[in-house]
Structure formats: structure tokens, C-alpha cells
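Remarks on the structure that follows.
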């Protein structure tokens, strides 16, 4: 076995893969099996290099000293020859011509080197890419410091070019100035071209263009299918397809007006100057947007408004009687909103486009969202729709179902099953609104654009699919005993405890890793300066908050009994959704943390379910 040449911690020069350029690196470790060195660049990038691609710093310094020692003699010789009075005129012309040719070659070499440095700086892997979950990227914005780094790298070459011009036999200031301006303009035009190309979305999700095109029709069809099945006396899968009502009965202008009133009422609450204002994560241009945190206040004001309507004997079960029409109105509104969002995104600057929705394909960008943070003045459309109309609407729909159950079945009190479903889901919504600020680090805000996917999900899927259990219980009442209700309540509490304590543990560690209260936590340091927790909940599984989510979803469905699988659609959907998100998290974290993420996966092998997955 060959002896190892470089020691751990030694600072050497490492060749960047695919180029002939060397950069200063530090040796991190050595693999005796593959005979590869793990080295760390100054920007935090970790790569594995062969020994032949690594050189000591002394060899580079020796070459530099030789070059600098020989330069003065060459320059003095050149000056003595050009000033010799005995040299004929013809010889002076030849010397001047050769000097200009030599200067042109130097310029050409410098420009080629500049372009090479440009490509390397722009496409060199970065560890600065940054959701709400441990190991999940906080933000995926581009690193704008690459432009600054490039300018710093180009400045020495431009200085060299000026030195060469200084010793020209016939300095032409005007030509030199034009050449410098042209050279710099050409370089930065190349920068813009490469930046525009590199900002395009390369990896398409959801099945690419074909998959997203199908989802635009499949998602609304799924919502309407579930609601129609719940309306049947026997919502068994064997009764497929359900009877489809007449198309004219699915639309009513009054229902659409009520939906618009609800949407703009929540927008009014959002604009109220109450609640603190916080900064979001840095955007690709370094700017931070401001967000007003007043979702919980909006919930309290909404509860007061609903209480006032009930006091004046407003029939809230109107929602149940026209539930399908409300779903159609919400779907139509979300489609119109998505079209508006895409049209306005066509005029948005390049740096304001979403990293995941800038593929150049109309259908894909329309579905995933082309613009990252569309705003009308200070009104952030995506942030508003994320929590307000749909999430608070979910609670209002559940309450309407509870009142409808009491009226239809002539009950003085709602059923125990309906009380459990309403209570569990109310806790979930209140928790989300109380911890509203945490949503600013999720991938929905930092990475995904605002298009059909989020617009339909926020305004249609959340309020009308998440309330499926309450809607089901109105037409299919299920009696449960108090011991069963107690067991289901304990299960929901366990899921909520895992969900909330895991998120709180992670958020506290992110805010202040040096907090003495977190001294018991161990973590793996990464090149980005952040740590990956390997103890506590995050040492149990990689995404403990997902585990808590799934346990709670099961507790929401159990009060509906086991006569039909329809109430458990939410559990199946939630598992599929979280597995998809987890796979996306794994991909981003592997790119962001590199070798540190591989070590973390070895320490924490289970992703969501301990000893299973």
C-alpha cells in the first residue's frame, strides 16, 4: 500500500476537477481503501481528490519567485534595446511590431483565462443553499456573492493588462481605454448569459410537463369525487362512479359571492396594523421581505364574526347544503388566480422567479409557480393564502358540519365522534397560526413559486379535503364509547407532542445553538456553519415532525369507524405527501451538506418510521 503524502489539516493546492486551475485547500481525511483525499475549499466545498491532483504550496511559491526574478532583467533588456541609438530604423519597427504581437497574445491569454475563471466561479458547487424541518433546506436562493468573487478574481488580470500596456513602445491611451471597456463589457455580458442559463430549473418534479398537465385536471376531479362519495348512503369503493349531478346545479352566483366575501374579509384582517413585523430569509439578491405576523389575531376576529352571525340565528349549515357548489367556486377562483399569477410573472425580473418554477415550459411553470413572492404593494399573495382563507376556512367548515349534524339528526348535542374531530383539527390549526413565523422557513415560501399547485392546495384542497371526516360524519354518524374516545385522544396527544416538541427543538437550536438549555444535544458540524442534530427527536428519525403528523392524521380518522375506507383517504394521502416531501428533502440536503449529510444518514438510518422506513 503506498504511503500517504499529505497529512490531515495540511494546507495544500488542489486541482479543481475538469480544469487545470489549482486552489488552496485543507486536507480533511484520507481513505486507505480508495486512496482518495477529502479536501475542503475556502468556500466550504468538500471534494475527494487523487494524490496526483494535489501539490504542495512550496512548489507554487517556487515557480512564482522564479518568474518574478526573471522579469526585471527582461524588462531592462527590452528598454535598452529600444533605446539603442545605433540600431537602424528597420530594426526598431520590427521590434515594435513584435512587441505589439506579444502584447496581443498576452491580452488574448488573459481574456481566455477570465472566461475560464468566470465559468468556474459561476458553476462551482456552493454550500450556501438554504423548510421548516431538520435537514430540510431553509432556502434555495442562488448565491449572489459569485458575482463579487468573480470581480475580485478578474481585477488582478486587468491590472496585469495595464502593466503590459504601460511598457508598450507606443502607448495609445485612447485605444487602451476602448480595449479595456470592450474587454470588461464582454466579460460581464458573458456573466449575464451564464447566470440566466444557470437559473433555469433543470430537475422537473411531479412527472415533468406531462405529469403537471395531468395534475391540473386530476386534483379537482379527486376533490369532487371524494365529496360526491361522502354524499352517498353507501360510500363504498364498489359504488363507482358516483352519480354526477347536473352541471347547472354545481354553480350558483350567490355561493360564489359568499366565497369572495370570505376571501376579501380575510384579506382585510391581514392588512390590519396589528401583530409584529418580521423579516423573511434573504432572497437571491440579498433583500429580505417583511411579513406581518397576525394570523392568530385574524382567527380571533373571524371567531367573533362567526359568533355574531350565530347570535343573530344565521344558518351556518348553509355551507353543508351547498358544499359542492362552494368547492366549485373555490376551484374556479383558484384557477383564475393562477392565470393572473402566471401572466404577471412574465414581467418579473429574473431574480424574483422561483428556483423550482423557472423551467421555461409553460405548463410546468404554471403548475409549480413561476414567480417566487408575487406582491401587490406590500400584500404578499402567497403568504396570505398559505394560512388565512383555507386554514381558517377549514375550522369554519368543521363547525358548519357539526351544526348540520345536530339539525339533520335532531340532536341537542353533537356526537362524540364529531366533537373529537372538531377538537383535534382545531388544535392543529390554532397551533399553526400561533407559530405562524415558522412558515417563513418552509420550502413553500423559500423555494416554491405561487402557481396552480399552491393556489389550488391552499384554497380548495385544504378546506374541502381536510374537512372530509366531519363531512362524512354528517351523513354517516358513528357512535363510539368513552374508553375508545379516550384512547383516540391519547393517540392524538402523542402525535401532537412529537410534532410540536420536535419542531420546537429544531427551531431553538437554529436560533441559538449555544443555548445552555440545549447543551445535551449533539450535532454534526457542516461546511455551511449549521449543525445536523443527532440526538433528541432528530436522532430518533430524520423527520420526527412527519411522524407526528401521520399519527395525528390517524387519530382524526378513527372516530369515523371502520365501515368504509373513505375517511382514511386523508391518512393515505398524508403518508404519500410526506414520503414525497421527504425524498425531496433528502435530495436538497445531500446537495447542501455533502459528506456531512452522509455521516448524518449513517447515524440516523430511519427516515420517518423507526425500524421500518
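Residue numbers in this text run from 1 along the chain shown.
Cβ coordinates are placed from backbone N, Cα and C, and glycine is handled just like the others.
Summarising the annotation, TrEMBL assigns compositional bias 'Low complexity' to 66-75. As annotated by TrEMBL, compositional bias 'Basic and acidic residues' applies to 99-109, 129-151. The feature domain 'Tudor' is assigned by TrEMBL to 4-62. Annotation comment: TrEMBL describes 52-109, 128-151 as region 'Disordered'. For 206-228, 253-272, 293-312, 324-343, 454-474, 480-499, 520-541, 561-580, the entry in TrEMBL reads transmembrane segment.
Long-range contacts of the transmembrane segment (253-272) within its own chain (CB-CB distance under 8 A, at least 6 residues past either end) are made by residues 292, 294, 297-298, 301-302, 305, 322, 325-326, 329-330, 332-333, 379, 384, 388-389, 392-393. Among residues of the same chain six or more beyond the transmembrane segment (206-228), those with a C-beta under 8 A of the stretch's C-beta atoms are 241-245, 323-324, 327-328, 331, 361, 363-364, 366-368, 452-453, 456, 460-461, 464-465, 468, 471, 566, 569.
When each of the listed stretches 293-312, 324-343, 520-541, 561-580 is scored by C-beta pairs under 8 angstroms to the transmembrane segment (454-474), 324-343 comes out highest.
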